[in-house]
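Notes for the one structure printed next.
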Amino acid sequence: MNQSYGRLVSRAAIAATAMASLLLLIKIFAWWYTGSVSILAALVDSLVDIGASLTNLLVVRYSLQPADDNHSFGHGKAESLAALAQSMFISGSALFLFLTGIQHLVSPTPMTDPGVGVIVTIVALICTIILVSFQRWVVRRTQSQAVRADMLHYQSDVMMNGAILLALGLSWYGWHRADALFALGIGIYILYSALRMGYEAVQSLLDRALPDEERQEIIGIVTSWPGVSGAHDLRTRQSGPTRFIQIHLEMEDSLPLVQAHMVADQVEQAILRRFPGSDVIIHQDPCSVVPREGKRSMLS
């Protein structure tokens, strides 16, 4: 799984970097030719795209390194750091776009040839849609937080390019302030996306539990297993592609230790079949000691 995960995530990062570099060159020409502030906004965003995607590529490769003596749980948290770094990159670009939009709203400048901007924006829109479709496929296969953050970023680019097309079309009819207004709107949306990305990254770094649906599945597997009377103290988190699952099984006092160990192994294998590549730790408790120990919430 790790080899497939690494291959797909690396390809997604390389594709994003290459696409952003190509679009940057196209947008530099379009901005120089038209003077459109909306295209300038898209140009700045492409610069951020390159920085963010390069960061993703480097960090993802680091996160795929196996566990070592100093990092017993692996390097998967590096993906969350990459997503957090992306949110900072994007917030900076959003602030720049917002300030630029205000400046051009106060002093609008007519574009020299909106038609060139329209052609460039359509090309950028098509390329970005293709990239987002590939990234969405990779996310479905890997659940990579870094690629998901990159995908959300490029999804905002799709909306940006659509808004730029509208702005250029309105500028054709003399609505020159429309260009600046759309730049302001784009800046606000990008900032919202950045804050959402940053929140998700911080939650991962703080070891947020797995989604409720996955925890319910784990509970269902465990409590339905023959020889298991109950379960408690389920603890879960995720680091990169690896889920970490810990749970206490409740078993009859009279069950021999060897048999209890065998049941726990079977439960572990059942969980791994459902969630391949997970790190599972199971503790066995006699039913008689559970009330004295006290139970934490199952969905912890």
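Using N, Cα and C of the backbone, Cβ positions are placed for all residues, glycine too.
Feature annotations, reproduced from Swiss-Prot:
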BINDING   ASP45, ASP49, HIS153, ASP157  Zn(2+) binding site
TRANSMEM  12-32  transmembrane segment
TRANSMEM  39-59  transmembrane segment
TRANSMEM  82-102  transmembrane segment
TRANSMEM  114-134  transmembrane segment
TRANSMEM  156-176  transmembrane segment
TRANSMEM  178-198  transmembrane segment
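The Zn(2+) site is defined by ASP45, ASP49, HIS153, ASP157, and by the 8 Å test on Cβ atoms against their centroid, the other residues of the chain that qualify are ALA20, SER46, VAL48, ALA52, ILE90, SER93, THR128, TYR154, SER156, MET160, ILE190. All chains included, 29 other C-beta atoms sit within 10 angstroms of the C-beta of HIS153 (Zn(2+) binding site).
Using a cut-off of 8 Å between Cβ atoms, the transmembrane segment (12-32) and the transmembrane segment (114-134) share at least three residue pairs, counting only pairs 6 or more apart in sequence. Here the listed stretches are 39-59, 82-102, 114-134, and the one with the most C-beta pairs under 8 angstroms to the transmembrane segment (178-198) is 82-102. Looking at 39-59, 82-102, 156-176, the range that has the most CB pairs within less than 8 A of the transmembrane segment (114-134) turns out to be 156-176. DSSP assigns ASP45 (Zn(2+) binding site) to a helical segment in the three-state reduction.
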